[in-house]
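Comments concern the structure below.
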Ligand code: NAD
Ligand code: MG
């Protein structure tokens, strides 16, 4: 047996990070934890270090890193603690790490995820925002470095599983007609438009099928999550936006489908538990136990499908338009959304104003072509500034 693969978990204290560590702990012969990173939850990061005994840990800033280093020494661990963006990129690109789970939420994950791709790792991509922002650079770095990118987002993992390995030569050449991206519809799927005005962060974060971080939960409620996933699918599978169709499927049992020119539709099914795509990506092309129970179709009984309602959930259309406009449009969409979601979680704006802010930002700034990372970062800064101006103009 070869030595265990060394895994760096970026965003270890989050929902995906914890699920990843759960799967890894089931297979100590195959995987060892090389580095763990956290941001605000220092006590949780310490507890994870005690269990997994990584070579490195990365905390938010120097003060937190010093505090954690002291605690870990007292705990008798030799873990070395680093800090900030530099520390994140260092563990992501470290020559002794084989696999990087990119599970930081939002634009903060862009640089370390890119660092992992550029240094040719097996990259397990949960941090969809990184790809949405910088898809062209990301995919170019992937080709140049020979890194292996495996999608963790359940939909993209499902699509990957339903495609033949030659898909990278073009969807048309392997007979794909459309990608059918399934969406649960979120907690407000059946809410009338007038009820959406008054929904709270607590209601938005109570997803019917999945337990996730707060930002992605709000994105799921607004359908921006599906919009980001549409853009993610275009980059991962080299698809045109009009080849990706969104289908509401409230049970979240089918995780997405691929429709072929001969009329065949392939689907991947499973219980809604992220340990399935995580285990798939860790072991690919092999299969390992994930801890997820077998799917009981008789218990589920039925699978329903509906068309998405763009008038109640305008974020999906905003994302589709950004995908079509290209250039820096998706980075601006993402940044405006991050500012808006945070403002909603802090009760500064109404749920329905998330889309208003994004629409305003996209109308004020024309996208430009992306040549280098600075183009993406500049678009991100500009959109955050514009979104801040919206908040100011509207007295929030
Ligand atoms: P989460 O909020 O539970 O965890 C986020 C992690 O990122 C935490 O470890 C946090 O410490 C870290 N983090 C936050 N801000 C940071 C910063 N500025 N610098 C460094 N680290 C920072 O989120 P999650 O639900 O685990 O989602 C993580 C990513 O995975 C997101 O991009 C999300 O869209 C994607 N994803 C999640 C799920 C899910 O089921 N949770 C499914 C598909 C995709
Ligand atoms: Mg998803």
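Glycine is no exception: its Cβ is also placed from the backbone N, Cα and C atoms.
Record check: TrEMBL places 153, 155 at the Mn(2+) site, and the matching candidate among 74, 85, 90, 229 is 229. The annotation in TrEMBL ties 13, 14, 15, 16, 127, 129 to NADPH, and of the candidates under consideration, 76, 185, 186, 213, the one tied to the same site is 213. Among the candidates 168, 173, 184, the one that TrEMBL lists alongside 128, 154, 155, 207, 220, 225, 226, 229 as binding 1-deoxy-D-xylulose 5-phosphate is 184. Using a 10 Å radius centred on the Cβ of residue 229 (1-deoxy-D-xylulose 5-phosphate binding site) and all shown protein chains, the other Cβ atoms total 28. In this structure the residues listed as binding NADPH are 13, 14, 15, 16, 127, 129, 213; their two most distant Cα atoms lie 18 Å apart. For ligand 2, none of the binding-site residues lies close by, meaning a CB under 6 A from one of its atoms; the full candidate list was 13, 14, 16, 128, 129, 213. For the binding-site residues listed here (14, 213), the lowest count of other CB atoms within 10 A around the CB belongs to 213. In sequence order, 181, 182, 229, 233, 255, 256 make up the list of same-chain residues 6 or more apart from residue 155 (1-deoxy-D-xylulose 5-phosphate binding site) whose Cβ falls under 8 Å from its Cβ.
Taken together, the residues of the domain 'DXP reductoisomerase C-terminal' (269-385) have an average pLDDT of 98. Only 127, 128, 153, in sequence order, out of the binding-site residues 127, 128, 153, 207, 229 have a CB under 6 Å from ligand 1.
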